[in-house]
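Enquirer: Structure provided below as structure tokens; questions to follow.
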Amino acid sequence: MKTTNDSGGDVRLTGIGKTYGSFTAVHPLDLTVPQGSFFALLGASGCGKTTTLRMIAGLEEPTTGTVHLGDQDVTRLPPYKRPVNTVFQSYALFPHLDIFENVAFGLRRRGIKSVKKQVEDMLELVQLGEQARKKPHQLSGGQQQRVAVARALINHPKVLLLDEPLGALDLKLRRQMQLELKRIQTEVGITFVHVTHDQEEAMTMADTVAVMNAGRVEQLGAPADLYENPRSTFVANFLGTSNLIQAEVDTRSGDDIVLRAGGGKLVLPAARCTAPTAAGGKVLVGVRPEKIALTHADDAGSIPEGRNRITGTIADASFIGVSTQYVVDSAVCPELAVYAQNVERDGRLVPGAEVVLHWSPAHTFGLDADQDIDAGVGSVEEEAA
Amino acid sequence: MPVVTWLKRRLVVIAGLITLGYLLLPNVVVTVFSFNKPKGRFNYEWQQFSTDAWQDPCGVSGLCGSLSISLQIALWATIGATALGSMIAFALVRYRFRARGAVNSMIFLPMAMPEVVMAASLLTLFLNLGARLGFWTILIAHIMFCLSFVVVAVKARVMSMDPRLEEAARDLYAGPLQTFLRVTLPIAAPGIAAGALLAFALSFDDFIITNFNAGSTVTFPMFVWGSAQRGTPVQINVIGTAMFLVAVLLVLTAMVISNRRTKRKA
Amino acid sequence: MSTLTEAPPPLTPAAPAKKPPRRRGRWTPYWLLLPGLLWLVVFFALPMIYQASTSVQTGSLEQGYKVTWHFATYWNALGDYWPQALRSVLYAAAATVLCLLLGYPLAYLIAFRAGRWRNLIMILVIAPFFTSFLIRTLAWKTILADGGPVVGALNTLHVLDVTDWLGWTAGDRVLATPLAVVCGLTYNFLPFMILPLYTSLERIDGRLHEAAGDLYAKPSTTFRKVTFPLSMPGVVSGTLLTFIPASGDYVNAELLGSTDTRMIGNVIQTQFLRVLDYPTAAALSFILMAAILLMVTFYIRRSGTEDLV
């Protein structure tokens, strides 16, 4: 698992950590971002993701560890000597310079005389050729964001760092800019390291996501992998929604573990369980809301054999167009979330109805029950507010 | 009844305008009396219209000399106080260091001290050191009391400046010096200009501290003071009116230009 | 293509780096502060010490002065000049109150009601600074001249009878009376009240007035419960910026007053520049400074230095 060839643009963090007095912002961590990848650091505010980014940029000095770009140790280099550029949160465009001079700033500082052609080409790439002589405050948020990207990219950095680059934009523009940034990244082939608190943004754009919590990397992997196989309650709750049900290990049969939850039994593939599985041990059983099917109790007989099932009562149903979101109270676990596609709606599924929730054991995952079951729930809402 | 309601609605506006009138009344008098042709040495009573003084503003011996000294001192005091004060302001906003509270009090105290106290104590120092009073002692004193006001003006501007702008400059290959010259200084410029303008006005108009530490050097305010005892020439009013008009015109021009610029760009 | 090494769980804290990272520019703030602070120490703080020492010296101009810890100078100075000291406090306090009463409506007008006239009014408040304040103070001699229109009007309205009875004016004269001095002080320091008031009023969100009105507050109640409390920082720094210079001023008392309206500043000036009794002048100046510092400290307790600096 080592990239030795063409590692000029790899970012290698070795044991890098940051403490302020007695507060540890980032616990020593190792991380390698391969050249050309789109890497996202995802976490709630204060989790250490921005500090990590700033240590790569050189704006923050690490307390421990080293930063390598390819084979070069840049740990002690000031930011203006690093081949790394940053797109700042709220852009930090120079208010006293026009768009052209903002974009030309880095080139001029490196003593490049003829910048006109390069700057114009770059402004074309971000579709701002017309605005070259305007001041930043005369541009819309989305345009300012593109100037910030152009200002950084024109220097052909080995790595482009993006600190919550879309945080100030409204939802629709954010979606548009996500695709735009992805397009630019594919076009220029530069390594992007992107810090965000928005899990959808991270999953849409990045090929690899590192979920950070309290100064540590909780889990790292491709977006789909993180979503399907969360390894902690924080990841399970922070990326999308998870139903977590407390259960006890009953027996082991082949590759599956059989668990007791309330009166019923649930089956979980052993490979998808990160908790110890000795008989009698506690396990949190997880399942995503869209994986669950909802059947009225009268039709319980029609449910195929071999599926996990739980009975309950619908407490609330909200129709949101493509799907209907149900909240189901069950003896096993209160407030289970179920997302049902609006293909054929069963008119009997209204609040108060007795229902059976059922899903394939293959969609079940198991987590260590010693964790906070609600970790990562509140932080999503806080950020949204 | 409607009259009463009308008055009640506009009570604040009327009271404010009365205050404005109170503030401007002396300037009106100064301007009107710059066209007076007084009998005797004092220009306190209206006699007859004349433009003599406007045609010969330097006609009183020592008047324009004192004006020139005042302008020179104000210029150098502005440069000195603005340079020293801006440095302090940057240090206070951009860096964490020990003895911050002590530095803040040191800046605050000169503003919380009656001028006569500073004037008397500074004279005590100069007398003890055997310094010769004159241009240099005035300049030293002016830089001293203008300094704090510059710090306040520049600090306000630098505080409202996003520190990420400087980080962005460093990220874009600008070393510490380049960052300061290309980003920090241009953005802080309006605050520095405000501080400089304030320093110039304070220094040019200072009387009390100057009076104690001037020796035989005569600044414009000291000339006016002296003439209040000996006889006030009309030329004093001419200079005062001209300074007022120049200030108003300069500010209005600056405002019109900046208005046009924003309109053209938008 | 994504080859990633995951962070190992940090079971033990990483070994501390051999050398603490070099802090860039650790000395920069001190270099920035040095020249300006040095200036203030040498030409502001040091003189205060010299003055303190002078106030306890005895001797004469011819034979020179020696520190004899002669604290009696303080008692003698207070004994001789307490009327002037008291007058300074009274005149400065009266001027401060008048400045607040006159300045508040104008600051309010600029902040909320001036609309497109705002900049013009601001210029008109500041521009008089450029006409020397001495010239403007002399203009009051003309305005308040005996038999002039202002005095005539006050006489007709019998205002002067009342002020005469109160001891503020003498006969049908306004010049050379306490009223003239207070009027001059108020005029001179009014902009120092208006500007901080305006700064703190301008920060108030206009929607707060609407919210208060929406919540059944009459305009007068809105002012008492919302606007005025929020403008307190401006009131505090405005009163300080008015009271402090007014209490040490001697120009207005000299130009518009008489020997009966002399203030502590006049005494200090005379003792220092004419009588050349340095110990007495230094002692008086020290008393004034101490009184002001006590007052400022009391105020700062309530508002915090950062607001004022």
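Using the three backbone atoms N, Cα and C, a Cβ is placed for every residue, glycine included.
Note that the coordinates shown come from a computational prediction; the quantities given were computed from them, not determined experimentally.
Grabbed the feature section from TrEMBL, which reads as follows:
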- B:12-35: transmembrane segment (TRANSMEM)
- B:67-256: domain 'ABC transmembrane type-1' (DOMAIN)
- B:73-95: transmembrane segment (TRANSMEM)
- B:107-127: transmembrane segment (TRANSMEM)
- B:133-154: transmembrane segment (TRANSMEM)
- B:180-202: transmembrane segment (TRANSMEM)
- B:234-257: transmembrane segment (TRANSMEM)
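Map the listed features onto the structure and describe their local environment.
Expert: Panel annotation: around the transmembrane segment (B:12-35), residues 43, 46, 49-51, 53-54, 234, 237-238, 240-241, 244 of the same chain, lying at least six beyond its termini, place a Cβ under 8 Å from a Cβ of the stretch.
Beyond the ends of the transmembrane segment (B:107-127), by six or more residues, the same chain brings 88, 92, 133, 137, 141, 144-145, 147-149, 151-152, 206, 208-209, 211-213 to within a C-beta distance below 8 angstroms of the stretch.
For the transmembrane segment (B:133-154), same-chain residues at least 6 beyond its ends with a Cβ under 8 Å from one of its own Cβ atoms are 69, 72-74, 76-78, 80-82, 84-86, 88-90, 92, 107-108, 110-111, 115, 118-119, 122, 126, 188, 191-192, 194-196, 198-199, 202-203, 206, 209-210, 213-217, 219.
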Enquirer: By a Cβ-Cβ criterion of under 8 Å, what residues six or more beyond either terminus of the transmembrane segment (B:73-95) are in contact with it?
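Expert: That would be 103-104, 107, 135, 138-139, 142-143, 146-151, 154-155, 158-159, 163, 184, 188, 191-192, 195-196, 199-200, 203-204, 219.
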